[in-house]
Ligand SMILES: Nc1ncnc2c1ncn2[C@@H]1O[C@H](COP(=O)(O)OP(=O)(O)OP(=O)(O)O)[C@@H](O)[C@H]1O
Ligand SMILES: Nc1ccn([C@H]2C[C@H](O)[C@@H](COP(=O)(O)O)O2)c(=O)n1
């Protein structure tokens, strides 16, 4: 394996990106970047500022102004925006409902992509980063690039298992299926680009998925 290793993982909601990326980062002693947490942090920032999701100029201004601090430790996840810890808040349904207002604006993406590249380069050991455009836009030169997929029913069941009674069926479908449809307007995370390994996780356990990605990393001379 190279002395510095970069692994990029993309996929739709509930495909297992975060859990897999954290497991791989632990197994290979690398830093971990949750790029989606940064989009979510910006959503909190614009909502906090009273900006309406339809106000594109307001959402862009909130993105550019957002001071985002994020942990790169797979065992200690936290994120702060504009000095406030929003680690728990970014997982709330109101954030999932409005985060696509950020991800569907090219200017917001450009701003976040530049920061994400810098964060991926911060640790000399290397990084495992996950999101929607890590394999294609943020780090197309990553040593290992993986697109995780899973059937919609499996993804709904996984996300439903996590959120439990906090959401009803309609809210669950909104968080997974509607969000994927909106988020894929500017980036493609359903087809594997050239050189990207496609891994269907529908019938795999989380451990099996982590082992498959670690094996791909170990194949590198
Ligand atoms: N292969 C798997 N088999 C069963 N459950 C899984 C698998 N991978 C992940 N999970 C579970 O599915 C849920 C969603 O996983 P995770 O948060 O990693 O997905 P994600 O792709 O990052 O989703 P999102 O983009 O919506 O944040 C978690 O509860 C996780 O433990
Ligand atoms: N590289 C990325 C990462 C995330 N997004 C968008 C899409 C999601 O709706 C939102 C939150 O991501 P999640 O926490 O669910 O992984 O951020 C994106 O467009 N590009």
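Here, residue 1 is simply the first one shown, and the rest follow in order.
The backbone N, Cα and C atoms fix where each Cβ goes, glycine too.
Note that this is a predicted model, so its numbers are computed, not measured.
Under the heading domain 'Cytidylate kinase', TrEMBL lists 7-218.
Annotated ATP binding site per TrEMBL: 11, 12, 13, 14, 15, 16, 17, 18, 19, in sequence order. A C-beta separation below 8 Å, combined with a sequence spacing of at least six in one chain, links residue 11 (ATP binding site) to 17, 130, 132, 147, 148, 149, 150, 189.
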According to DSSP, which of helix, strand or coil covers residue 17 (ATP binding site)?
helix
